[in-house]
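Participant: Summarising the annotation, TrEMBL assigns signal peptide to 1-19. According to TrEMBL, the feature active site maps to 71, 129, 133.
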Ligand code: 5GP
Ligand code: 5GP
């Protein structure tokens, strides 16, 4: 009898283990309230580049991104807090292999570092975003593919770089722009108030927020913006000039080129 029970338990365990690589680790976090699409400004992020590697889009020389790129799609709570690492789902890049062109272009890593995954290992920027934030986007998303695909789609539907460009706010190492003007341009385009995050006076990130059905809504952090906590009244959108030699570090000659 005991051996039958053991066998049954083993079968149940194996069925669970092979049903998918999803293991619930934190059921205590309640369902999120809304999404924040966090966009990063490469001109600001890449200024901190000290060395290069192939995965870092700051190192693409003249092909380095010049528009806002995606940092992540984050499930948030209305009280300003957010859930993270909601269940164990080890990132599997194969699941999003058909999205690679879009991800490399619009959601590149701007760093050579390997961020930590929820279970303490090290992985890719995409893996970090999926495990930390994507796993908390249930019941809207249950898998990597839909999380990344939808994020790319809403990013392409809300072109913040173009909205700012049309209003005259373009990358510059000499101009300062009124924060209020930048916010107004986004309000006029999408009818919501974004959250703006600065590093000193340079815009680091702009976040636009969405209900669970992806209709735009104000971000909770936009209230902070009104009290001018994060950014000064005049802000910059720095241009990024790749460091000397970056392209060389990246461009390892192939065997044939080396001959
Ligand atoms: P930082 O301290 O650099 O603003 O944020 C560090 C990390 O905390 C972010 O990359 C992100 O993972 C998380 N984080 C910061 N602000 C928010 C937020 O408003 N919502 C969510 N979901 N995560 C955030
Ligand atoms: P978050 O701030 O989203 O919690 O964490 C982002 C993690 O990914 C950090 O460990 C950071 O070093 C790494 N990382 C890799 N590429 C990027 C990038 O392009 N932007 C940001 N913000 N973090 C990146």
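Just so you know, glycine gets a Cβ as well, placed from its N, Cα and C.
Provide an account of the burial state, proximal residues and distances for the features listed.
Facilitator: Within the same chain, residues at least 6 positions away in sequence whose Cβ sits under 8 Å from that of residue 71 (active site) are 38, 39, 40, 129, 205.
Residue 129 (active site) falls within a helical segment according to DSSP. Of all the Cβ atoms in the protein chains shown, 23 others lie within 10 Å of the Cβ of residue 129 (active site).
A C-beta separation below 8 Å, combined with a sequence spacing of at least six in one chain, links residue 133 (active site) to 72, 73, 74, 75, 82, 84.
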